[in-house]
Amino acid sequence: MKTTISVIKADIGSIAGHHVVHPDTMAAANKVLAQAKKDGIIIDYYITNVGDDMELIMTHTRGELDEKVHGTAWEAFKEATKVSKELGLYAAGQDLLSDTFSGNLKGMGPGIAEMEIEERPSEPFVVYMADKTEPGAFNFPQYKMFVDPFNTPGLVIDPTMHEGFKLEILDVYEGESVTLNAPEEIYDILALIGTPSRYVIRRIYRKADGNIGTVTSIERLNLIAGKYVGKDDPVLIVRVQHGFPALGETLEAFSFPYLVPGWMRGSHYGPLMPVSQRDARATRFDGPPRLIGLGFNVKNGKLAGPSDLFDDPAFDETRRLASQIADYMRRHGPFMPHRLEPTEMEYTTLPLVLEKLKPRFKKEEGMVKAKQSIYQKESSEMD
Ligand code: F6R
Ligand code: MG
Ligand code: MG
């Protein structure tokens, strides 16, 4: 029997700003998932939230992109949205881009991460979920977990990992993907994934047997919708232990609060702060970007857990450093590099400001016009 783990998430409105999911909306989604479990569509499920994102963690045997499973998630979000609207919550139904469900949720707004696996005798896995950032934010920790021996000694000393992994990298602008080998091609890998707004690690496979190790949600809502409609807060499923990184090796990757885009108005860099479920609320300056990690085991599709992995004093120093970095970044105010570059900002009045000021710009004699504008950063004529 093959088991599929599906994590499907959406922001369907929250209390007092883009801050935290309302329990009544979770209860509405719970009703739908409980019924789907009764009807045998899913085997088990767990509902949680990080900040304003509702996260549906489901297990079943129907494979990826299954119409019934996705339909269940869609209905759960629709029912939750109804409650959200009744309560007058903020940005009710934000991530549901369409009214009609057509087979699966691809391109419809919700973020999706799914993996179909042959369960090992014991199948431990972690679901990492972030708010106020974007899918490429998981490039850095996935590299640490599966490629960097300074993070993951198992790559050196565990014979089942020693051969390395294959990374499937997606170009979210072109809609193309490439699979690269680690450790042989790490410089090529880094050349791509160091631009996380464009190149996103979608899946990682163990080289020895092709077994899947991770999957990330890759939806970039704003690219789909063509305008600002909220942030593409991502999820990452990671299988751990016995041929994959140990649980602690995956957690270690988040011990450094690295900078991610997506804070305040989707337009600022801030440190990714790992927190407990209890603290998964976006407060200061609508953040700082938050991460939770829930650990599970799955057996014949039944879930054991979760364990709230960052609810731990071992991450206090990471959080303290994240707060210091938040102070430091905030003191830049509206200046880059706290504020994102123009091409990556999700709110921007810049074109309007430029339009308004156009008649007031005067030609400067003797100054050569640049060959490209700051809006074409990825062009090959970068030099
Ligand atoms: C960022 C985010 C928030 C909002 C901000 C303004 O991803 O969700 O920081 O961008 O609160 O929200 P609006 O424009 O809805 O008032
Ligand atoms: Mg929101
Ligand atoms: Mg969010």
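Indices start at 1 and increase along the chain as displayed.
Any Cβ shown, glycine's included, is placed from N, Cα and C.
For the Mg(2+) 2 site, TrEMBL records D52, D53, D233, and the single candidate of D131, D311, D312 listed with them is D131. Site annotation (TrEMBL, ligand Mg(2+) 1) includes D11, H18, D52; from Q94, Q142, the additional listed residue is Q94.
When secondary structure is read from DSSP and collapsed to three states, R265 (dihydroxyacetone phosphate binding site) falls in the helix class.
For ligand 3, the neighbouring binding-site residues among D53, Q94, R265, D286 are D53, by Cβ distance under 6 Å. If you measure from the Cα atom of D233 (Mg(2+) 2 binding site) to that of G103 (beta-D-fructose 1,6-bisphosphate binding site), you get 23 Å.
Taking Cβ-Cβ distances under 8 Å and a sequence gap of 6 or more within the same chain, the neighbours of H242 (beta-D-fructose 1,6-bisphosphate binding site) are R120, S122, T160.
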